[in-house]
Amino acid sequence: MMSIIQIFTAFLAALGFAMLYNVRGIKLLYAAIGGLLSWSVNLLAGYWLHHEAFQFFIAAFSVTIYAEICARINKTPTTTFLPASIIPLVPGGALYYSMQYAVNSMLDEFLSRSLYTASLAIAIAAGILLASSIWKVWLTALNFLESGLKRYK
Amino acid sequence: MFNNQLLSRILDIGEQMLISGAEISRVEDSISRMCIAYQVKRVDVLTITSVIQVSVHLENGEVFTQSRRIRAYATNLNKLDKLNKLSRNICSSLPDLEYIDKELEEINKEQPYSQYAHYLIYALVAGSFTIFFGGNMADGLASAMIGMLLKFLVNAAQKVDKNLLMINIFCSFAVGAVAIFAVQWGFGNNLEKILIGNIMLMIPGLALTTSIRDMISGDTISGLLRFSEAILLATSIALGFGLAEILFGGRLV
């Protein structure tokens, strides 16, 4: 039940952020579904992995591929969808708690929280980068095949 | 054919792209593509989060250099989309200055959603995240109301002071205080969940992730700049909430 509530609120939060970033029209829906997708993948990955950073990596990877596909369909840059879709994963809470410990001069908690925050941020960034590189390779291969076919005809 | 006026328009496009939320690599790529389309010999672009600098070498030996200082960002992805289309259009059809001016003027009219809509969006995001992190319906409702208050405070603070750090300290302090009182008066149960919903609106979590993305992909300077900016902002927010906690005795952490 908790997961369903989370997935639904992830959808709403991504929708809100897409509007804050001034995404318009039907693209809003794509971005919001991206938010739903990123959290669902994260939860699903959690069933078989018990490593939070790796779960976030997989979720960021999938949602980037999703954003690339949406960008292809709508003929817009990937940036239209990615920032809002990735929002449920973004470690804002963890970042806040690290700083809260720092302000209260609780050094041990601060260090462990910061490392945890950094590991999540790195996992997400790595997921995005790997997905966009793989997508580029795929597009190049596609172009290559198409031009080959044209020459054949 | 290539001259200083044209370079200025190209930089305007790049500047607007960066302000609207384009990645560093996209800005550099678009600027050099547009310059190269006009048959120049060599283009050098340096973009970091606060500056764009371009030098263009022509075949006849002339060199043009211009730069832009970027002071504030306003993420507007719809505008970015249009700028992107314009830059592709320029690359393929090499239009004249009047055309570029007209298009740019049209794009700069692009407005974000209205202020009233923004109040609703703040409420939506804050409420959703409160429930997302495990708050109940009452918490979500309280958080949504405080989210609207946050929007009001951000607007008011921006009129007085442009310094983002001060705005953040002030807003997080006020939001923290109101949330503590709200819970003490029985409006919502979990203070922490109410706060986290509003924190997600203010905290630069996305900037943190983007900064690491920049660093891994080779734009180390931009990455580091954005990273330290994100940490400073996060600290200012924690300071504001911490102050509210000390003064009004809510229990956090």
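Backbone N, Cα and C atoms are what each Cβ position is placed from, and that goes for glycine too.
Because TrEMBL annotations are produced automatically, they should be read as predictions rather than curated entries.
For A:6-134, the entry in TrEMBL reads domain 'Threonine/Serine exporter ThrE'. Averaged over the domain 'Threonine/Serine exporter ThrE' (A:6-134), the predicted model has a pLDDT of 91.
With a cut-off of 8 Å between Cβ atoms, the residues of this chain six or more beyond the transmembrane segment (A:28-49) that come close are 3, 6-8, 10-15, 17-19, 55-56, 58-60, 62-63, 66-67, 70, 73-74, 80-82, 84-89. Residues or ranges marked as transmembrane segment by TrEMBL: A:28-49 (among others).
Taken from TrEMBL, the feature transmembrane segment applies to A:56-74 (among others).
Same-chain residues lying 6 or more positions outside the transmembrane segment (A:80-103) and placing a CB less than 8 Å from one of its CB atoms are 10, 13-15, 17-18, 21, 23, 27, 30-35, 37-39, 42, 56, 59-60, 63-64, 66-67, 70-71, 74, 109-110, 113-114, 116-117, 120-121, 124, 128. Per TrEMBL, the feature transmembrane segment maps to A:80-103 (among others).
Look at TrEMBL and you will find A:115-135 (among others) tagged as transmembrane segment.
Mapped onto DSSP classes, the domain 'Threonine/Serine exporter ThrE' (A:6-134) shows 109 helix, 0 strand, 20 coil.
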